[in-house]
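Chemist: Residues or ranges marked as domain 'DNA polymerase alpha subunit B N-terminal' in TrEMBL: 3-70. Feature annotation from TrEMBL assigns domain 'DNA polymerase alpha subunit B OB' to 266-343. The domain 'DNA polymerase alpha/delta/epsilon subunit B' feature in TrEMBL is assigned to 362-560. What TrEMBL lists as region 'Disordered' is 156-175.
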Amino acid sequence: MEEELKQQFDEMGVEPADSVLGRCAELAITYNIHDATEFVEQWMAFSLSHLHGEDPAIENLGDFERKVLQLRKDKACSKTTGQTVKSYGSPSVQDTNSLATYGVMEDDPMLDDYVSESAVDSSALHTPKAKKESVRSSNLKGGVLFSPASYTPQSAKRKAGLETPSNSVAGKPGDIVDTFGHPKLLAGSSWQSQMEHTVPVTQKLLHNEASLTIANLGYMNDLLTDRCHNLRVRFDQTGPALVDKKLGQAGAAECIWYPQDRQVLQSAGGLHALGMIHSEDDGPLDAHSAFMAVLDDDVEDEMDPTLTLNFSRVKSASIFPGQVVLAKGFIPRGKTFMVEEIHTERKLTPATPLQIDRKLQFVVASGPFTDSTDLFYEPLHDLLKYLKDHRPDVLVLTGPFLDADHKMVGELAETFDTFFEKMIGGIMEAIGSHTAVLVVTSQKDAMALSVYPTPPPTLRRTYPNLYMLPDPSLVDLDGLTLGVTSTDVVDHLLSHEFAVNAGERMHRAINHLFHQGSFYPLYPPADEDMAYDSQLALKYAQLKQLPNVLILPSDQRHFVRLVNDCLVINPGRVANKKGGTFARFLVAPSVPGKPANMFNSVACQVQRI
């Protein structure tokens, strides 16, 4: 536990003493906090609220225990004894969420500003429907930016009796549900651009000096032989890098390798193998379904290149289909490889140091942008209202914008392209001309080409500050490198990986992308409906260098992580039955005399819509 806590504190730029780490581990065990990330996030929130960002020490850990951990424990006990919520304004907070409590008393108004997505007794929450709808209606009547044309007047209306997300949300609009960054930047930010200056945008994910567009797109020609060749290219790019990181050139020459050294297969250990992980049924991995395809040019074509993997001896592992790995172990008999160690990390190319000369304000929001029961796009209107009051330098929007699976999309009395153009026009009218708007559509969009990587749709009207980007994209924003995708690769990885003592889930999922050098390293794709084109992915989905900031929208709970000095953000979904969220963050120039890292230069919050 101490090692995990040390790692999480290091990511926050904090270096506590060994005695402090020991005390933190004791508190985590005493109060049943098994996730080091959760403990550190609660400490950082408490430190920011009460100690002006001080580092943990034996003295202030006592206050932290009394005001946060013990308070949370008391609330959990009162919950089990039958205490119920009596009003919407003071929901009961359970201990299942990090950042759920921040060491403030129950009657402190700050509690409402920091309550996370806590489990709430929904039977006690009764939002007045008539009042809520009237507020929504007045807002929409005051300025409808776009509305769908439909075949019947009733096609976009909610069906009677259907509960909408607004009736089951824990918390209220404007709540901050996640916070990360330097305390001084967080405290001093107005979350609004201070200059009317459009940020230049340059696409960096190129092939033959061109980004992915419909004009240079060629797909539906992904032959099986081409797929095999492209997988081999991935193997040749990643495999040697894993060996170099773990063994080095001299160490690799002294090792026993499979299948070259077949005469020593019965050795008691020390056998190395380099290969790609696959699943027997092309589904999620478990301890009995993983095998490894070992590739080597010196092996005869008729030899079976696969090994069944046995993880009964391994202490730590995290693997998924399509991953290139370096394994160490032995083969007791047949084609079973007893794994003792498995290595997945290579030397990473660090991000280009920040070269910005002023603070940049960002807002990031991910679709869907309308509720699943209608096409009113009320959550999007709420987001635009926020953007009118807080003009950021850069707005990043990721799809889907018009989900092809939406139950009412077939009732539109206009083309998908026309509807999307109206939506973009309404967004640009609300945003103005000084905010750079980056739009990344999704292959799930009805108006987009159903292929991954996905080219951006073309618009009849152009805007000087609008940038239609492919999925995925890597762009330079006035000295800051931003990576973004609209595909839920985090959820795909976590649902298909096999992990044993591999650390915090989000941290390792992000590291999978970095060390495999790809925005989507799974193969075959986790989503059966995903039209994955291996040739396009080899050209337009590689992640050869770390960005400064990486946007990974996901159905997983919103998060902010600093991984290998890269700020990684999942802003959540704008339309969500548990309450929509978006992210806002600022990046400041490096301060002379302080370490040039992202923690000292960023402040980020996830806010409820």
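Please read every residue number as a count from 1 along the shown chain.
Here the Cβ of each residue, glycine as well, is placed from N, Cα and C on the backbone.
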Chemist: Using DSSP, how many residues in the domain 'DNA polymerase alpha subunit B OB' (266-343) fall into helix, strand and coil?
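Modeler: Secondary-structure composition of the domain 'DNA polymerase alpha subunit B OB' (266-343): 0 helix, 37 strand, 41 coil.
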Chemist: How many of the residues that make up the domain 'DNA polymerase alpha subunit B N-terminal' (3-70) does DSSP mark as helix, as strand and as coil?
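Modeler: In the domain 'DNA polymerase alpha subunit B N-terminal' (3-70), the DSSP-based counts are 50 helix, 0 strand, 18 coil.
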Chemist: What is the pLDDT of the domain 'DNA polymerase alpha/delta/epsilon subunit B' (362-560) when averaged and given as a whole number?
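Modeler: Across the residues of the domain 'DNA polymerase alpha/delta/epsilon subunit B' (362-560) the model's pLDDT averages 96 on the 0 to 100 scale.
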